[in-house]
Amino acid sequence: MLIFYAKYAFIFWFFVGSNQGEMLLMDKISHDKTLLNVTACTQNCLEKGQMDFRSCLKDCRINGTFPGALRKVQENYQMNMICRTESEIVFQIDWVQHSRGTEPAPNATYIIRVDAVKDDNKETALYLSDDNFLILPGLESNSTHNITALAMHGDGSYSLIAKDQTFATLIRGYQPSKMGAVNLLRFVPQPDDLHHIAAEIEWKPSAESNCYFDMVSYSTNSVNMDEPLEVQFRDRKKLYRHTVDNLEFDKQYHVGVRTVNIMNRLESDLQWLPIAVPSCLDWYPYNYTLCPPHKPENLTVTQKQYLPNILALNITWARPRYLPDNYTLHIFDLFKGGTELNYTLDQNRSHFYVPKITVLGSHFEVHLVAQSAGGKNVSGLTLDKVHRGVLLSEGNMVKLVLFIIVPICCILMLCSLTFCRRNRSEVQALQMDAKDAKASEFHLSLMDSSGLLVTLSANESLEVMDELEVEPHSVLLQDVLGEGAFGLVRRGVYKKRQVAVKLLKDEPNDEDVYAFKCEIQMLKAVGKHPNIVGIVGYSTRFSNQMMLLIEYCSLGSLQNFLREEWKFRQEQNAIGLKKNLEQNVDNRRFNRLPRNSIHDRIEDINNSMLSTVEEESESDQTHSSRCETYTLTRITNAADNKGYGLEDIENIGGSYIPKTAEAPKDRPKRKLKPQPKKDSKQDFKSDNKKRIFENKEYFDCLDSSDTKPRIPLKYADLLDIAQQVAVGMEFLAQNKVVHRDLAARNVLISVDRSIKIADFGLSRDVYHENVYRKSGGSGKLPIKWLALESLTHQVYTSQSDVWSFGVLLYEITTLGGMPYPSVSPSDLLQLLRQGHRMKRPEGCTQEMFSLMESCWSSVPSHRPTFSALKHRLGGMILATNDVPERLKQLQAATESKLKSCDGLNSKVEQVPCEEELYLEPLN
């Protein structure tokens, strides 16, 4: 027994710790009476308060006085795991009080036995602690342990807390899982700062019960986009609850908590908690010593003019329930060099009369400031100065109403009734004509004007005509280009010009009509520019017959144009590989090399690779992992255009045209080639029912016998496209127009490769790709193209369009690639706030990527202007020592036109250069 006791004592001495809990490890010691006696003696020594835990244990080990008898009792202890890591398990022993009990928790020293469960053996370790918060260190990762706990008292009584409860450590390099819920417990005051309050936050453990957490918080009302505040929790005793201080009254905050693995810097997603801080007057009920008063309500100003520039003002406001200390009234004349008057008013005032004030300008401002010891609040009005001639006395005003205004109103009512009756009869006649028109067969190539007649509402009236207002029957509607939820777009001819006609669907609601008119007003206000899609005309006299005529761009959207270029390059690479393989086979046959098993194997591999490349070239219908899925095999009469709508087709009468009515997929693609002018007399000899158009650029040309080989895009061509977009956006910025949705899908391209920007400030309902996310209302937002300030504060400026232009450069460089290919729209905002941006794509020069990065600056004022972008892109084009294909074609067309118009030295009859006889495209 003496030897066993010495070994027991030696191990106690060897593993004594010095932390607050004074945990002591005793390895390879059995659970026996010696251990219980030493523990009881130690606890008895601690209760006397003469020595600390280490000294008591040492004294009991040498000269200890043991209790007379050990006895087991039943007590209300509970052991709970707090957290764990790869090498630690943290748990706490709590005294559970009865529902009616009030006795305090008894003093005890805890004995903890840890059995490590292994395949071939069982290792046991013993711990002693006078603290109920226990940390078991030095454990193996991903190991299981059975824990038994005893509570030992100084009188020799002990109780069993837990027996063989199983706990496990985490695996090495674990990935922290999703956080638990984060809740707001309460707001608490800050005694040292009465102008701020604090919030107590509580969160639940993560799924793996990790021990380390990070917390970030920021104010959503911040205008300078400050960095979020971060707090790291590394003390295991301070988990799951924290107080966020220095919160400003009446502000919005976001608090996020995540769990982290500090060994390899892995972390989980943030779990966010929005916090709405109460106002100062709600926290300190109407304490104007600490809080500013409410702003004055119902501020009104009545003015009278007796002499030129001399006014009398009667200013009134609502009397508040809780009065401020005083008011200050400020009156400002906005004219240069105008006067400023200031008045200090008593707290009981609710009105003030200014008998005479000189106002030189046409506008002036009135500000009423409510002041107290806690601050001030202001209400203001900007007013137009009334003229003396329009001011009448009350008696004259009554006479004016009785003898002039009332008779005029009666006359207007009679005229309105007469007009409504005449309009109702005209509408009924139109309805009868429309029913007859719907019964006739609809022809896609030519539509009679009666086919446009639809049912009109009785309460609709004609709008004021202007130079762009067109008659619906003067527009020849042809095939459908696309359709969306808002309406559909057809190809049409108006005054010998090819146009795109945007129509509303049958029975549009008020919101559709309003959005359609807003789109027309925007296009009219922007004006004409070579790189902006222009308006040709519109018809808005009846809501069921509204149409918008815009320029027709035959090559469709820039996005599809770039993706077709990407596919063309892939096919050319496959063809080149095929030719190289065939040439290698011919060379081997020409040299008449002796065939053996090795050469046979090489030829088989080459043939297999050739067939694989051909299959991939034929079946590849997608871009790459960075692009959205889209169909390349569909051939339509016109290229897809986002501004023209998509999906199913509906005619103007509302009948459905199935997709099988489209051109067959295997027909050759339409080649755009100008045709020579023919004799007009010969043209009109054909069938009168069939109309022939001279300009083949906008119509199907299925004869592919005389087709030109496709010219691949060069780097100079891509730079030319980007520069044209910058020129168009520069024009919009100079006219104070913010696009808000600049992307390749909203840029159109003509047959001569000229660029036209479309869909600026227009409706978004025709979009079908997953690049738009719902905003707070019914609108949608293009998340991956929006600037950081647009995502966080809904701020849209020309600088935010520059950010979108940088994303457009990424699309051009990658030939239609999807921005942020591996990031979902819901995660993008967090990454942008952390400073993440897209990496340089493959094949992109450093100069181009630097231009992209300058557009993505988090500070809007640090981004380049569109004028600067235009000049930088122009310099990059000159640096290539190459001329874009568009400029070459433009130069060749100009020279050809000059030669054709010069008939002095030619004996051949020349075609007249009168362009008005041709169908002219607007692009």
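Backbone N, Cα and C atoms are what each Cβ position is placed from, and that goes for glycine too.
Predicted, not measured: the structure shown is a model, and the values here were computed from it.
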Subject >> Candidate annotated in Swiss-Prot as phosphoserine, out of SER159, SER206, SER608 >> reply: SER608
**OP:** Quickly, which of ASN107, ASN459 does Swiss-Prot have down as N-linked glycosylation site? Just give the residue.
**Re:** ASN107
**OP:** Of the residues ASN342, ASN423, give the one that Swiss-Prot describes as N-linked glycosylation site.
**Re:** ASN342
Original post:
Hey, which of ASN142, ASN606 does Swiss-Prot call N-linked glycosylation site?
Top reply: ASN142
Subject >> Overall pLDDT of the topological domain 'Cytoplasmic' (421-923), taken as the mean >> reply: 69
